[in-house]
């Protein structure tokens, strides 16, 4: 069961009221030649601090990384004078198993009499090192239009069009990056947002002069006059996980080989310490009688939109795409995705998100005759905030004595068994010192929240995105045989998706969350569990929640449709654990 409330005040007052209410709460802290490890050995990040014993399952046997045998060599590429072969990751290493300390691809020189026809016609100036084709009117204009300064070489005179210094849009470098949706990470640059095509009209934001890149259609600042805060109550961890956790870090439901039509929230990097801490501490209460109060505030700073066509690619990405073999070799295209991601951002919302989860002991609340409604009401009643926030007094029918009782419960939580079990914070946007102060200390003060909001203006995070597959950037304007390269990238993306999914990991114990990092799998353990498989714990008879297996391959097209399936057996639910959420099958038109 879920209950939601949403309200708006002029400043982050509503959220801070609850912060004030809880302000005294402390936050706890095969070939004989084998194909190189992509990651270091496993380091368990569990925060458990008490004495533990090994569970009945005990430590699982180490799983060694395993690659397939080598593919056949490709034909000799007539332009690169090289041939290629690769190996697939059959099984990631796990539980301190042997890593793959060897390469999963090989390239060697070769000779061929076939002609190279890789040149793309350029009617302008061909840049010396980057190979970019630019209009001759951009020569000697004071801008590095080529990316290698060759357009500014041997100039008798520089005809500079921009006579005033102008700033770059906030986060514009990140917006030019490719994106890996499996890990929620930004990779290498695929677009050149330092290319202006001679444009020099200033764009004023907050009395600052910005120069609009050629690739950008719009960059629209958002007014910070009002903030909306949403507060939602979840009666169980399964409800909380489905509605909050999966949206925070999981994109497993996307079929990444196709366009994703709508804008969606950009999750937190799955390898970040902040997310691992969040998962570990909330997962601890997956089978306790707890209620979850989740509060979330999103601050939007700017909306970004990319031009729909005729984009200037970053020269590093362009050169890599121009070098991939025309004969399909998964290893080369896989490396392209590893370095540059597999999608790029076409629209984005920039800003910051502050969210916290208050975990309450349901039985203790019932014994004391309190509800989460009481906590919310007290948070909005009779609290005076700092000078940066105007005083707000709201009477919601809760007695003063009851509010004081709630506050005393919170204040004394470390001295006796109280209602409040934990408070876990996630912050995105703002300078790093503000993120650290918010996420790893007590609840923020009004002044600190105001500082964070100011910092978000100049250091925004990407909080929502709309994306397209990377192969959509490959056009005949830049790449010879672009249709072949595009089809190869499309095919490689489907294979890449199957190779990097955490469903390939063996189950962790104690409801640990498996994550795949390169060629190994790690377990993020709930607080109270540790070990490479989360097998060391003092807790007994813990119900095990179900997790999905990997998707099957798509069926052949029949009646205009194709289907794929998965099973809830990795592991299956045990001892009263929750079943898998989401569909067991998917169907697409074909």
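Here the Cβ of each residue, glycine as well, is placed from N, Cα and C on the backbone.
Ranges compared are 236-243, 244-251, 252-259, 276-283, and Swiss-Prot records transmembrane segment for 252-259. Given the ranges 222-229, 262-269, 286-293, the record in Swiss-Prot names 262-269 as transmembrane segment. Feature transmembrane segment, per Swiss-Prot, maps to range 392-399 of the set 392-399, 400-407, 408-415, 416-423. For the domain 'TSP type-1 1' (64-117), residue counts in helix, strand and coil come to 0 helix, 18 strand, 36 coil, using DSSP. Cβ neighbour density within 10 Å is lowest for 152 among the binding-site residues 151, 152. Looking only at the binding-site residues 143, 145, the densest Cβ neighbourhood within 10 Å occurs at 145.
On its own chain, residue 138 (Ca(2+) binding site) has 125, 145, 151, 197, 198 as residues at least 6 apart in sequence with a Cβ closer than 8 Å to its own Cβ.
Classification of residue 152 (Ca(2+) binding site) by DSSP places it within a helix. Across the domain 'EGF-like' (505-535), the prediction's mean pLDDT works out to 91.
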